[in-house]
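Colleague: Just passing along the structure, written as C-alpha coordinates.
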Amino acid sequence: MTILVIAEHDNAELKGATFNTIAAAQKIGGDIHVLVAGSGADTVAEQAAKAAGVAKVLLADGAQLGDSLAENIAAQVLAVAKDYSHILFPATASGKNVAPRVAATLDVAQISDIIGVESADTFERPIYAGNAIATVQSSDAIKVITVRTTAFDAVAAEGGSAAIDKAEAVADSGLSSFVGREVAKSDRPELAGAAVVVSGGRGMGSAENFKLLDPLADKLGAALGASRAAVDAGYAPNDWQVGQTGKIVAPQLYVAIGISGAIQHLAGMKDSKVIVAINKDAEAPIFGVADYGLVADLFQAVPELVQAL
Amino acid sequence: MKVLVPVKRVVDYNVKVRVKSDQSGVDIANVKMSMNPFDEIAVEEATRLKEKGAVTEVVAVSCGVTQCQETLRTAMAIGADRAILVQTDAELQPLAVAKLLKAVVDKEQPELVILGKQAIDDDANQTGQMLAALLGWGQATFASKLDVADGKATVTREVDGGLETVALKLPAIVTTDLRLNEPRYVTLPNIMKAKKKQLDTFTPDDLGVDVAPRLKTLKVAEPPARSAGIIVPDVATLVDKLKNEAKVI
(Lines of atoms letter the chains of each structure in order from A and count residues from 1; the text may use other names and numbers.)
(Lines give C-alpha, C1' and ligand atoms only; values in the text may rest on other atoms or scores of the structure.)
Protein backbone atom coordinates (compact mmCIF):
# COMPACT_ATOMS: atom_id res chain seq x y z
CA MET A 1 0.00 0.00 0.00
CA THR A 2 1.48 3.30 -1.10
CA ILE A 3 -0.09 6.66 -0.42
CA LEU A 4 0.29 9.75 -2.57
CA VAL A 5 -0.01 13.13 -0.86
CA ILE A 6 -0.50 16.15 -3.12
CA ALA A 7 1.61 19.03 -1.85
CA GLU A 8 0.05 22.45 -1.29
CA HIS A 9 2.52 25.16 -2.24
CA ASP A 10 3.00 28.44 -4.08
CA ASN A 11 6.05 27.29 -6.10
CA ALA A 12 8.37 28.85 -3.50
CA GLU A 13 7.25 27.39 -0.21
CA LEU A 14 5.54 24.22 0.97
CA LYS A 15 2.35 25.14 2.86
CA GLY A 16 1.67 23.87 6.36
CA ALA A 17 -1.46 22.02 5.21
CA THR A 18 0.78 19.48 3.49
CA PHE A 19 2.32 18.40 6.82
CA ASN A 20 -1.14 17.78 8.31
CA THR A 21 -2.09 15.74 5.26
CA ILE A 22 1.08 13.64 5.61
CA ALA A 23 0.05 13.03 9.23
CA ALA A 24 -3.31 11.68 8.04
CA ALA A 25 -1.47 9.45 5.55
CA GLN A 26 0.63 8.05 8.41
CA LYS A 27 -2.56 7.01 10.21
CA ILE A 28 -3.61 5.03 7.14
CA GLY A 29 -0.20 3.34 7.07
CA GLY A 30 2.11 2.47 4.20
CA ASP A 31 4.79 4.25 2.20
CA ILE A 32 4.12 7.93 1.69
CA HIS A 33 5.06 9.72 -1.51
CA VAL A 34 4.52 13.44 -2.04
CA LEU A 35 3.73 14.93 -5.44
CA VAL A 36 4.95 18.46 -6.01
CA ALA A 37 3.41 19.77 -9.22
CA GLY A 38 4.47 23.28 -10.08
CA SER A 39 6.75 25.58 -11.96
CA GLY A 40 10.27 26.13 -10.67
CA ALA A 41 9.26 24.30 -7.50
CA ASP A 42 12.64 22.67 -6.68
CA THR A 43 12.79 24.29 -3.23
CA VAL A 44 9.31 23.01 -2.48
CA ALA A 45 10.38 19.48 -3.39
CA GLU A 46 13.44 19.81 -1.13
CA GLN A 47 11.22 20.95 1.74
CA ALA A 48 8.86 18.03 1.13
CA ALA A 49 11.80 15.60 1.11
CA LYS A 50 12.75 16.78 4.61
CA ALA A 51 9.29 16.23 6.08
CA ALA A 52 9.11 13.37 8.57
CA GLY A 53 7.62 10.15 7.22
CA VAL A 54 8.01 10.87 3.52
CA ALA A 55 9.58 8.02 1.51
CA LYS A 56 9.76 9.70 -1.89
CA VAL A 57 9.02 13.02 -3.54
CA LEU A 58 7.81 13.25 -7.11
CA LEU A 59 8.54 16.57 -8.75
CA ALA A 60 6.63 17.49 -11.89
CA ASP A 61 7.89 20.79 -13.18
CA GLY A 62 6.40 22.73 -16.05
CA ALA A 63 5.17 26.25 -16.76
CA GLN A 64 1.63 24.93 -17.27
CA LEU A 65 1.63 23.62 -13.68
CA GLY A 66 2.65 26.92 -12.13
CA ASP A 67 -0.76 28.46 -11.58
CA SER A 68 -2.51 25.44 -10.03
CA LEU A 69 -5.16 25.20 -12.74
CA ALA A 70 -7.40 22.27 -11.82
CA GLU A 71 -7.37 20.76 -15.32
CA ASN A 72 -3.57 20.52 -15.48
CA ILE A 73 -2.93 19.52 -11.88
CA ALA A 74 -5.62 16.81 -12.05
CA ALA A 75 -4.07 15.46 -15.26
CA GLN A 76 -0.67 15.41 -13.53
CA VAL A 77 -2.05 13.47 -10.57
CA LEU A 78 -3.81 11.04 -12.91
CA ALA A 79 -0.56 10.46 -14.79
CA VAL A 80 0.92 8.82 -11.68
CA ALA A 81 -2.29 7.72 -9.88
CA LYS A 82 -2.31 4.04 -10.86
CA ASP A 83 0.62 3.21 -8.59
CA TYR A 84 -1.21 4.26 -5.45
CA SER A 85 -3.89 2.88 -3.13
CA HIS A 86 -4.73 6.28 -1.62
CA ILE A 87 -4.46 9.81 -3.00
CA LEU A 88 -4.69 12.50 -0.33
CA PHE A 89 -5.21 16.21 -0.81
CA PRO A 90 -5.42 18.83 1.92
CA ALA A 91 -9.02 20.14 2.07
CA THR A 92 -7.91 23.62 1.05
CA ALA A 93 -9.33 25.67 -1.82
CA SER A 94 -6.86 24.08 -4.23
CA GLY A 95 -7.24 20.53 -2.88
CA LYS A 96 -11.03 20.72 -3.08
CA ASN A 97 -10.74 22.09 -6.59
CA VAL A 98 -8.66 19.22 -7.95
CA ALA A 99 -9.52 16.07 -5.94
CA PRO A 100 -13.05 15.44 -7.31
CA ARG A 101 -11.73 15.85 -10.84
CA VAL A 102 -9.20 13.11 -10.17
CA ALA A 103 -11.78 10.86 -8.50
CA ALA A 104 -14.36 11.15 -11.28
CA THR A 105 -11.78 10.36 -13.97
CA LEU A 106 -10.74 7.28 -12.00
CA ASP A 107 -14.47 6.46 -11.58
CA VAL A 108 -14.18 6.34 -7.79
CA ALA A 109 -16.07 8.17 -5.06
CA GLN A 110 -14.20 10.92 -3.26
CA ILE A 111 -14.23 11.23 0.51
CA SER A 112 -14.29 14.89 1.55
CA ASP A 113 -12.80 16.54 4.58
CA ILE A 114 -11.92 13.50 6.68
CA ILE A 115 -11.35 14.16 10.39
CA GLY A 116 -10.46 10.62 11.43
CA VAL A 117 -8.98 7.41 10.05
CA GLU A 118 -10.50 4.19 11.33
CA SER A 119 -8.77 1.85 8.92
CA ALA A 120 -7.34 1.94 5.43
CA ASP A 121 -10.84 2.04 3.94
CA THR A 122 -12.95 3.59 6.71
CA PHE A 123 -12.95 7.28 7.56
CA GLU A 124 -14.85 9.82 9.64
CA ARG A 125 -16.15 13.03 8.16
CA PRO A 126 -18.49 15.77 9.35
CA ILE A 127 -21.82 16.37 7.58
CA TYR A 128 -24.62 18.93 8.07
CA ALA A 129 -22.23 21.74 9.04
CA GLY A 130 -20.51 19.55 11.61
CA ASN A 131 -23.73 18.64 13.41
CA ALA A 132 -23.17 14.95 12.67
CA ILE A 133 -20.13 12.78 12.10
CA ALA A 134 -20.48 10.08 9.45
CA THR A 135 -18.27 6.99 9.34
CA VAL A 136 -17.93 5.90 5.72
CA GLN A 137 -16.34 2.88 4.11
CA SER A 138 -14.99 2.88 0.58
CA SER A 139 -14.75 -0.21 -1.60
CA ASP A 140 -12.99 1.61 -4.45
CA ALA A 141 -9.57 0.40 -5.56
CA ILE A 142 -8.04 3.86 -5.25
CA LYS A 143 -9.27 6.07 -2.45
CA VAL A 144 -9.30 9.76 -3.26
CA ILE A 145 -9.55 11.78 -0.06
CA THR A 146 -9.36 15.37 1.11
CA VAL A 147 -8.09 15.89 4.65
CA ARG A 148 -9.37 18.47 7.11
CA THR A 149 -6.01 19.80 8.17
CA THR A 150 -7.08 21.01 11.61
CA ALA A 151 -8.01 17.43 12.58
CA PHE A 152 -4.46 16.05 12.25
CA ASP A 153 -1.31 17.31 14.00
CA ALA A 154 1.35 18.26 11.48
CA VAL A 155 4.39 15.99 11.05
CA ALA A 156 7.80 17.50 11.72
CA ALA A 157 9.09 19.64 8.86
CA GLU A 158 12.64 18.39 9.45
CA GLY A 159 14.14 14.97 9.93
CA GLY A 160 13.22 13.18 6.73
CA SER A 161 15.56 12.53 3.83
CA ALA A 162 13.46 11.31 0.94
CA ALA A 163 14.74 10.97 -2.60
CA ILE A 164 13.41 13.36 -5.20
CA ASP A 165 12.32 11.78 -8.48
CA LYS A 166 11.39 13.78 -11.53
CA ALA A 167 8.00 12.98 -12.99
CA GLU A 168 7.26 13.93 -16.55
CA ALA A 169 5.03 17.01 -16.65
CA VAL A 170 1.75 16.61 -18.53
CA ALA A 171 0.88 18.85 -21.46
CA ASP A 172 -1.31 21.92 -21.00
CA SER A 173 -5.02 21.00 -21.25
CA GLY A 174 -5.85 24.18 -23.13
CA LEU A 175 -9.22 24.30 -21.35
CA SER A 176 -8.42 27.17 -19.03
CA SER A 177 -5.87 29.89 -18.55
CA PHE A 178 -4.69 31.91 -15.60
CA VAL A 179 -5.48 35.64 -15.70
CA GLY A 180 -4.43 37.14 -12.38
CA ARG A 181 -4.31 36.97 -8.63
CA GLU A 182 -5.16 39.38 -5.86
CA VAL A 183 -3.49 38.34 -2.64
CA ALA A 184 -4.72 39.86 0.60
CA LYS A 185 -1.61 41.15 2.38
CA SER A 186 -1.24 40.36 6.04
CA ASP A 187 1.57 40.33 8.58
CA ARG A 188 -0.47 38.23 10.96
CA PRO A 189 -0.27 34.45 11.19
CA GLU A 190 -2.25 32.48 8.62
CA LEU A 191 -5.83 32.03 9.81
CA ALA A 192 -6.07 28.27 9.25
CA GLY A 193 -2.86 27.52 11.15
CA ALA A 194 -2.88 30.17 13.88
CA ALA A 195 -2.66 29.19 17.56
CA VAL A 196 -4.91 32.07 18.55
CA VAL A 197 -7.75 33.53 16.49
CA VAL A 198 -9.67 36.70 17.28
CA SER A 199 -12.91 36.95 15.30
CA GLY A 200 -15.43 39.72 14.96
CA GLY A 201 -19.05 39.57 13.89
CA ARG A 202 -21.89 41.85 12.95
CA GLY A 203 -21.73 43.33 16.45
CA MET A 204 -18.55 45.18 15.46
CA GLY A 205 -20.80 47.61 13.61
CA SER A 206 -18.40 48.84 10.92
CA ALA A 207 -15.11 48.22 9.15
CA GLU A 208 -13.71 51.13 11.15
CA ASN A 209 -14.68 49.47 14.44
CA PHE A 210 -13.10 46.20 13.29
CA LYS A 211 -9.73 47.91 13.82
CA LEU A 212 -10.53 47.71 17.52
CA LEU A 213 -9.51 44.05 17.24
CA ASP A 214 -6.01 44.88 15.92
CA PRO A 215 -4.39 45.67 19.28
CA LEU A 216 -5.98 42.58 20.83
CA ALA A 217 -4.73 40.37 18.00
CA ASP A 218 -1.28 41.98 18.30
CA LYS A 219 -1.10 41.25 22.04
CA LEU A 220 -2.17 37.65 21.54
CA GLY A 221 -0.15 37.06 18.37
CA ALA A 222 -3.44 36.07 16.82
CA ALA A 223 -4.88 35.80 13.32
CA LEU A 224 -8.01 37.80 12.64
CA GLY A 225 -11.22 36.10 11.57
CA ALA A 226 -14.79 37.12 10.92
CA SER A 227 -18.29 35.74 10.76
CA ARG A 228 -20.13 35.66 7.46
CA ALA A 229 -22.34 38.54 8.60
CA ALA A 230 -19.26 40.71 9.14
CA VAL A 231 -17.82 39.74 5.75
CA ASP A 232 -21.09 40.31 3.90
CA ALA A 233 -21.49 43.70 5.56
CA GLY A 234 -18.04 44.61 4.24
CA TYR A 235 -16.42 44.90 7.69
CA ALA A 236 -13.76 42.31 6.88
CA PRO A 237 -12.26 40.70 3.75
CA ASN A 238 -13.71 37.43 2.36
CA ASP A 239 -10.77 35.26 3.22
CA TRP A 240 -11.20 36.02 6.93
CA GLN A 241 -14.49 34.18 7.02
CA VAL A 242 -14.64 31.33 9.51
CA GLY A 243 -17.42 28.79 9.06
CA GLN A 244 -18.94 25.98 7.03
CA THR A 245 -18.42 27.91 3.82
CA GLY A 246 -15.23 29.71 4.85
CA LYS A 247 -12.19 28.48 6.73
CA ILE A 248 -12.26 25.73 9.35
CA VAL A 249 -10.01 26.59 12.27
CA ALA A 250 -9.11 24.76 15.47
CA PRO A 251 -6.74 27.04 17.40
CA GLN A 252 -5.73 26.79 21.05
CA LEU A 253 -7.78 29.89 21.76
CA TYR A 254 -10.67 31.33 19.77
CA VAL A 255 -12.07 34.68 20.83
CA ALA A 256 -15.50 35.43 19.32
CA ILE A 257 -16.44 39.07 19.64
CA GLY A 258 -19.87 40.33 18.67
CA ILE A 259 -20.66 36.98 17.04
CA SER A 260 -24.05 35.42 17.78
CA GLY A 261 -22.93 31.88 16.88
CA ALA A 262 -25.05 30.67 13.95
CA ILE A 263 -24.58 26.96 13.19
CA GLN A 264 -22.69 27.80 10.01
CA HIS A 265 -20.16 29.77 12.04
CA LEU A 266 -19.87 27.14 14.78
CA ALA A 267 -19.05 24.56 12.08
CA GLY A 268 -15.84 26.46 11.43
CA MET A 269 -14.54 26.87 14.97
CA LYS A 270 -16.15 24.53 17.48
CA ASP A 271 -13.11 22.25 17.61
CA SER A 272 -11.03 25.07 19.07
CA LYS A 273 -9.45 24.09 22.39
CA VAL A 274 -10.69 27.07 24.37
CA ILE A 275 -13.48 29.35 23.15
CA VAL A 276 -14.09 32.78 24.64
CA ALA A 277 -17.20 34.73 23.72
CA ILE A 278 -17.81 38.40 24.32
CA ASN A 279 -21.36 39.44 23.48
CA LYS A 280 -23.90 41.77 25.02
CA ASP A 281 -26.75 39.35 24.34
CA ALA A 282 -26.74 36.78 27.14
CA GLU A 283 -29.01 34.54 25.04
CA ALA A 284 -26.62 34.36 22.04
CA PRO A 285 -26.01 30.73 20.95
CA ILE A 286 -22.24 31.32 21.02
CA PHE A 287 -22.41 31.03 24.84
CA GLY A 288 -23.56 27.44 24.33
CA VAL A 289 -20.11 26.44 23.05
CA ALA A 290 -17.95 29.01 24.88
CA ASP A 291 -15.70 27.87 27.72
CA TYR A 292 -15.62 31.40 29.04
CA GLY A 293 -18.36 33.86 28.29
CA LEU A 294 -18.45 37.55 29.08
CA VAL A 295 -21.77 39.35 28.73
CA ALA A 296 -20.63 42.88 28.03
CA ASP A 297 -20.51 45.66 25.48
CA LEU A 298 -17.54 44.80 23.28
CA PHE A 299 -16.60 48.45 22.85
CA GLN A 300 -15.78 48.57 26.55
CA ALA A 301 -14.66 45.00 27.07
CA VAL A 302 -12.14 44.78 24.20
CA PRO A 303 -10.06 47.84 25.18
CA GLU A 304 -10.20 46.67 28.81
CA LEU A 305 -9.00 43.25 27.74
CA VAL A 306 -6.11 44.77 25.77
CA GLN A 307 -5.11 46.72 28.88
CA ALA A 308 -5.28 43.66 31.10
CA LEU A 309 -3.07 41.52 28.87
CA MET B 1 -26.49 30.11 -25.38
CA LYS B 2 -28.12 27.64 -23.05
CA VAL B 3 -27.24 27.35 -19.36
CA LEU B 4 -27.94 24.31 -17.21
CA VAL B 5 -28.35 24.84 -13.46
CA PRO B 6 -28.44 21.78 -11.19
CA VAL B 7 -30.28 22.39 -7.91
CA LYS B 8 -30.55 20.23 -4.80
CA ARG B 9 -33.33 19.90 -2.25
CA VAL B 10 -31.74 19.94 1.21
CA VAL B 11 -32.70 20.48 4.84
CA ASP B 12 -33.23 24.22 5.31
CA TYR B 13 -30.06 25.92 6.47
CA ASN B 14 -31.70 27.24 9.63
CA VAL B 15 -32.64 23.78 10.87
CA LYS B 16 -30.37 22.17 13.43
CA VAL B 17 -30.51 18.50 12.52
CA ARG B 18 -30.58 15.70 15.07
CA VAL B 19 -28.80 12.39 14.74
CA LYS B 20 -31.12 9.36 14.95
CA SER B 21 -30.70 7.34 18.13
CA ASP B 22 -29.84 4.17 16.16
CA GLN B 23 -27.02 6.09 14.42
CA SER B 24 -28.37 5.22 10.98
CA GLY B 25 -28.47 8.83 9.84
CA VAL B 26 -29.93 12.21 10.69
CA ASP B 27 -33.63 12.66 11.28
CA ILE B 28 -35.05 14.63 8.38
CA ALA B 29 -38.67 13.51 8.65
CA ASN B 30 -40.96 16.53 9.11
CA VAL B 31 -38.07 18.95 8.74
CA LYS B 32 -38.32 22.02 6.52
CA MET B 33 -36.63 21.46 3.17
CA SER B 34 -35.40 24.20 0.82
CA MET B 35 -33.18 24.77 -2.17
CA ASN B 36 -29.49 24.51 -1.29
CA PRO B 37 -28.37 28.15 -0.74
CA PHE B 38 -25.45 27.90 -3.18
CA ASP B 39 -27.82 26.59 -5.87
CA GLU B 40 -30.09 29.61 -5.39
CA ILE B 41 -27.06 31.74 -6.16
CA ALA B 42 -26.45 29.63 -9.28
CA VAL B 43 -30.02 30.07 -10.52
CA GLU B 44 -29.83 33.79 -9.80
CA GLU B 45 -26.58 34.12 -11.76
CA ALA B 46 -27.97 32.24 -14.75
CA THR B 47 -31.07 34.44 -14.66
CA ARG B 48 -28.95 37.59 -14.54
CA LEU B 49 -26.93 36.39 -17.53
CA LYS B 50 -30.21 35.90 -19.38
CA GLU B 51 -31.42 39.36 -18.40
CA LYS B 52 -28.14 40.78 -19.72
CA GLY B 53 -28.75 39.01 -23.03
CA ALA B 54 -25.72 36.73 -22.75
CA VAL B 55 -27.91 33.65 -22.38
CA THR B 56 -31.06 32.58 -24.20
CA GLU B 57 -32.37 29.73 -22.08
CA VAL B 58 -31.93 28.58 -18.48
CA VAL B 59 -32.75 24.96 -17.66
CA ALA B 60 -32.91 23.83 -14.03
CA VAL B 61 -32.29 20.19 -13.19
CA SER B 62 -32.60 18.24 -9.97
CA CYS B 63 -31.94 14.60 -9.08
CA GLY B 64 -33.85 12.86 -6.33
CA VAL B 65 -37.29 12.17 -4.92
CA THR B 66 -40.61 13.44 -6.35
CA GLN B 67 -40.63 16.39 -3.92
CA CYS B 68 -37.62 17.86 -5.76
CA GLN B 69 -40.29 19.21 -8.11
CA GLU B 70 -40.91 21.94 -5.51
CA THR B 71 -37.26 22.91 -5.67
CA LEU B 72 -37.45 23.06 -9.46
CA ARG B 73 -40.59 25.22 -9.26
CA THR B 74 -38.65 27.61 -7.03
CA ALA B 75 -35.86 27.72 -9.61
CA MET B 76 -38.42 28.52 -12.29
CA ALA B 77 -39.96 31.21 -10.09
CA ILE B 78 -36.53 32.82 -9.82
CA GLY B 79 -36.11 32.74 -13.58
CA ALA B 80 -35.35 29.31 -15.05
CA ASP B 81 -37.31 28.69 -18.28
CA ARG B 82 -37.97 25.01 -17.77
CA ALA B 83 -36.90 22.12 -15.60
CA ILE B 84 -35.84 18.50 -15.64
CA LEU B 85 -36.26 16.07 -12.76
CA VAL B 86 -34.25 12.89 -12.66
CA GLN B 87 -36.50 11.02 -10.31
CA THR B 88 -35.27 8.27 -8.02
CA ASP B 89 -35.71 7.23 -4.41
CA ALA B 90 -32.19 5.81 -4.33
CA GLU B 91 -29.47 7.43 -2.23
CA LEU B 92 -27.45 9.62 -4.61
CA GLN B 93 -23.79 10.32 -3.99
CA PRO B 94 -21.90 13.08 -5.85
CA LEU B 95 -20.35 10.73 -8.44
CA ALA B 96 -23.80 9.34 -9.32
CA VAL B 97 -25.25 12.85 -9.58
CA ALA B 98 -22.34 13.93 -11.79
CA LYS B 99 -23.04 10.97 -14.10
CA LEU B 100 -26.75 11.78 -14.23
CA LEU B 101 -25.93 15.41 -14.99
CA LYS B 102 -23.52 14.34 -17.72
CA ALA B 103 -26.35 12.41 -19.36
CA VAL B 104 -28.58 15.50 -19.13
CA VAL B 105 -25.80 17.66 -20.58
CA ASP B 106 -25.40 15.23 -23.49
CA LYS B 107 -29.15 15.60 -24.16
CA GLU B 108 -29.44 19.34 -23.69
CA GLN B 109 -26.05 20.51 -25.01
CA PRO B 110 -25.69 23.60 -22.79
CA GLU B 111 -22.56 25.74 -23.13
CA LEU B 112 -22.36 26.52 -19.45
CA VAL B 113 -23.33 24.62 -16.31
CA ILE B 114 -23.54 26.63 -13.09
CA LEU B 115 -23.67 24.63 -9.85
CA GLY B 116 -23.44 25.53 -6.19
CA LYS B 117 -19.99 24.94 -4.69
CA GLN B 118 -21.33 22.50 -2.12
CA ALA B 119 -24.57 21.20 -0.69
CA ILE B 120 -25.10 22.02 2.98
CA ASP B 121 -26.21 18.48 3.84
CA ASP B 122 -23.35 16.22 2.71
CA ASP B 123 -20.86 19.13 2.57
CA ALA B 124 -19.02 17.22 -0.18
CA ASN B 125 -18.02 19.98 -2.61
CA GLN B 126 -17.47 17.50 -5.45
CA THR B 127 -20.28 17.41 -8.00
CA GLY B 128 -19.24 20.36 -10.19
CA GLN B 129 -15.63 19.23 -10.43
CA MET B 130 -16.70 15.64 -11.14
CA LEU B 131 -19.06 16.75 -13.89
CA ALA B 132 -16.27 18.84 -15.44
CA ALA B 133 -14.00 15.79 -15.40
CA LEU B 134 -16.61 13.47 -16.93
CA LEU B 135 -17.32 15.97 -19.72
CA GLY B 136 -13.67 16.88 -20.20
CA TRP B 137 -14.56 20.57 -19.75
CA GLY B 138 -12.73 23.34 -17.95
CA GLN B 139 -13.89 24.32 -14.47
CA ALA B 140 -13.92 27.39 -12.26
CA THR B 141 -14.94 26.62 -8.71
CA PHE B 142 -15.88 29.01 -5.87
CA ALA B 143 -16.80 31.83 -8.27
CA SER B 144 -17.39 35.30 -6.87
CA LYS B 145 -17.60 37.00 -10.29
CA LEU B 146 -18.59 35.63 -13.68
CA ASP B 147 -18.43 37.23 -17.13
CA VAL B 148 -19.41 35.41 -20.29
CA ALA B 149 -18.38 36.83 -23.67
CA ASP B 150 -16.80 35.78 -26.97
CA GLY B 151 -16.93 32.05 -26.35
CA LYS B 152 -15.21 32.21 -23.01
CA ALA B 153 -16.05 32.66 -19.37
CA THR B 154 -13.89 34.85 -17.17
CA VAL B 155 -14.28 33.89 -13.55
CA THR B 156 -12.92 35.38 -10.34
CA ARG B 157 -12.51 32.66 -7.75
CA GLU B 158 -12.26 32.81 -3.98
CA VAL B 159 -9.11 30.98 -2.94
CA ASP B 160 -7.18 30.78 0.34
CA GLY B 161 -5.49 34.12 0.82
CA GLY B 162 -7.40 36.15 -1.74
CA LEU B 163 -8.88 36.01 -5.21
CA GLU B 164 -7.73 34.64 -8.53
CA THR B 165 -9.10 35.04 -12.02
CA VAL B 166 -9.17 32.34 -14.69
CA ALA B 167 -10.47 32.27 -18.24
CA LEU B 168 -12.30 29.18 -19.47
CA LYS B 169 -12.99 28.03 -22.98
CA LEU B 170 -16.73 27.32 -23.34
CA PRO B 171 -18.42 24.93 -22.75
CA ALA B 172 -17.41 25.01 -19.11
CA ILE B 173 -18.44 24.40 -15.51
CA VAL B 174 -18.71 27.12 -12.86
CA THR B 175 -19.51 26.57 -9.19
CA THR B 176 -20.80 29.46 -7.10
CA ASP B 177 -19.49 30.93 -3.88
CA LEU B 178 -21.59 32.99 -1.50
CA ARG B 179 -20.48 36.35 -2.76
CA LEU B 180 -21.33 35.82 -6.41
CA ASN B 181 -24.71 37.53 -5.96
CA GLU B 182 -27.68 38.05 -3.69
CA PRO B 183 -30.54 35.82 -4.89
CA ARG B 184 -33.82 37.65 -5.44
CA TYR B 185 -36.96 36.89 -3.48
CA VAL B 186 -39.50 35.02 -5.52
CA THR B 187 -42.72 36.96 -5.97
CA LEU B 188 -46.22 35.49 -5.91
CA PRO B 189 -46.94 36.22 -9.62
CA ASN B 190 -43.68 34.46 -10.54
CA ILE B 191 -44.57 31.46 -8.37
CA MET B 192 -47.89 31.25 -10.24
CA LYS B 193 -46.13 31.55 -13.61
CA ALA B 194 -43.62 28.88 -12.62
CA LYS B 195 -46.48 26.41 -12.19
CA LYS B 196 -47.18 26.64 -15.91
CA LYS B 197 -43.59 26.11 -17.02
CA GLN B 198 -42.48 22.81 -18.49
CA LEU B 199 -41.10 20.13 -16.16
CA ASP B 200 -39.85 16.88 -17.73
CA THR B 201 -39.17 13.78 -15.69
CA PHE B 202 -36.66 11.03 -16.39
CA THR B 203 -35.37 8.12 -14.35
CA PRO B 204 -31.72 7.08 -14.01
CA ASP B 205 -32.63 4.04 -16.15
CA ASP B 206 -33.90 6.32 -18.94
CA LEU B 207 -30.51 7.98 -18.89
CA GLY B 208 -28.63 4.69 -18.64
CA VAL B 209 -26.81 5.62 -15.46
CA ASP B 210 -25.95 3.28 -12.60
CA VAL B 211 -26.45 5.26 -9.39
CA ALA B 212 -25.41 2.58 -6.88
CA PRO B 213 -23.62 4.25 -3.94
CA ARG B 214 -19.86 3.71 -3.78
CA LEU B 215 -19.41 4.72 -0.18
CA LYS B 216 -21.13 2.82 2.58
CA THR B 217 -22.17 4.87 5.59
CA LEU B 218 -21.46 2.67 8.59
CA LYS B 219 -22.84 5.06 11.17
CA VAL B 220 -23.74 8.65 11.83
CA ALA B 221 -22.97 9.94 15.32
CA GLU B 222 -23.35 13.12 17.30
CA PRO B 223 -20.18 15.19 17.39
CA PRO B 224 -18.49 15.10 20.81
CA ALA B 225 -20.24 17.61 23.05
CA ARG B 226 -18.26 20.45 24.57
CA SER B 227 -18.33 20.59 28.34
CA ALA B 228 -20.42 23.44 29.64
CA GLY B 229 -18.59 26.72 30.00
CA ILE B 230 -18.91 29.45 32.56
CA ILE B 231 -19.95 33.08 32.41
CA VAL B 232 -17.33 35.34 33.93
CA PRO B 233 -18.36 38.60 35.60
CA ASP B 234 -15.63 40.88 34.23
CA VAL B 235 -12.53 41.22 32.07
CA ALA B 236 -10.13 40.73 34.99
CA THR B 237 -11.66 37.35 35.82
CA LEU B 238 -11.56 36.38 32.15
CA VAL B 239 -7.84 37.13 31.86
CA ASP B 240 -7.16 35.33 35.12
CA LYS B 241 -9.04 32.22 33.94
CA LEU B 242 -7.26 32.20 30.58
CA LYS B 243 -3.88 32.54 32.26
CA ASN B 244 -4.25 30.25 35.23
CA GLU B 245 -7.05 27.81 34.45
CA ALA B 246 -6.96 27.28 30.68
CA LYS B 247 -3.29 28.32 30.41
CA VAL B 248 -3.71 29.43 26.81
CA ILE B 249 -2.16 32.90 27.13
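Here the Cβ of each residue, glycine as well, is placed from N, Cα and C on the backbone.
TrEMBL does not curate its annotations; it predicts them automatically.
For A:3-182, the entry in TrEMBL reads domain 'Electron transfer flavoprotein alpha/beta-subunit N-terminal'. The FAD binding site annotation in TrEMBL covers A:ARG202, A:227-228, A:241-245, A:258-265, A:ASN279.
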Colleague: Near the Cβ of A:ALA262 (FAD binding site), how many other Cβ atoms are there if near means within 10 Å?
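Modeller: I get 20 for this one.
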Colleague: May I ask you to pick out the binding-site residues among A:GLN244, A:ILE259, A:HIS265 with a CB closer than 8 angstroms to chain B's CB atoms, ordered by sequence, or 'none' if no residue qualifies?
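Modeller: Checking chain B against the binding-site residues, the residues within range (Cβ-Cβ under 8 Å) are A:GLN244.
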Colleague: Can you tell which of A:ARG202, A:HIS265 has the least company, meaning the fewest other C-beta atoms within 10 angstroms of its C-beta, among these binding-site residues?
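Modeller: Counting other Cβ atoms within 10 Å of each of the binding-site residues A:ARG202, A:HIS265 gives the minimum at A:ARG202.
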Colleague: Who sits close to A:ILE259 (FAD binding site): which same-chain residues at least 6 apart have their Cβ under 8 Å from its Cβ?
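Modeller: Those within reach of A:ILE259 (FAD binding site), by Cβ under 8 Å and sequence separation of 6 or more, are A:SER199, A:GLY200, A:GLY201, A:ARG202, A:GLY203, A:SER227, A:ALA230, A:HIS265, A:ALA277, A:ASN279, A:ALA284, A:ILE286.
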Colleague: Among A:GLN241, A:GLN244, the binding-site residues in question, whose Cβ has the most other Cβ atoms within 10 Å in this structure?
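Modeller: The residue with the densest Cβ neighbourhood is A:GLN241.
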Colleague: Mind looking up the mean pLDDT for the domain 'Electron transfer flavoprotein alpha/beta-subunit N-terminal' (A:3-182) in the predicted model?
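Modeller: Taking every residue in the domain 'Electron transfer flavoprotein alpha/beta-subunit N-terminal' (A:3-182) and averaging pLDDT yields 97.
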Colleague: Translate the DSSP assignment of A:ALA262 (FAD binding site) into the three-state scheme.
Modeller: coil
Colleague: DSSP secondary structure for A:GLN244 (FAD binding site), reduced to helix/strand/coil, please.
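Modeller: SS state of A:GLN244 (FAD binding site) = coil.
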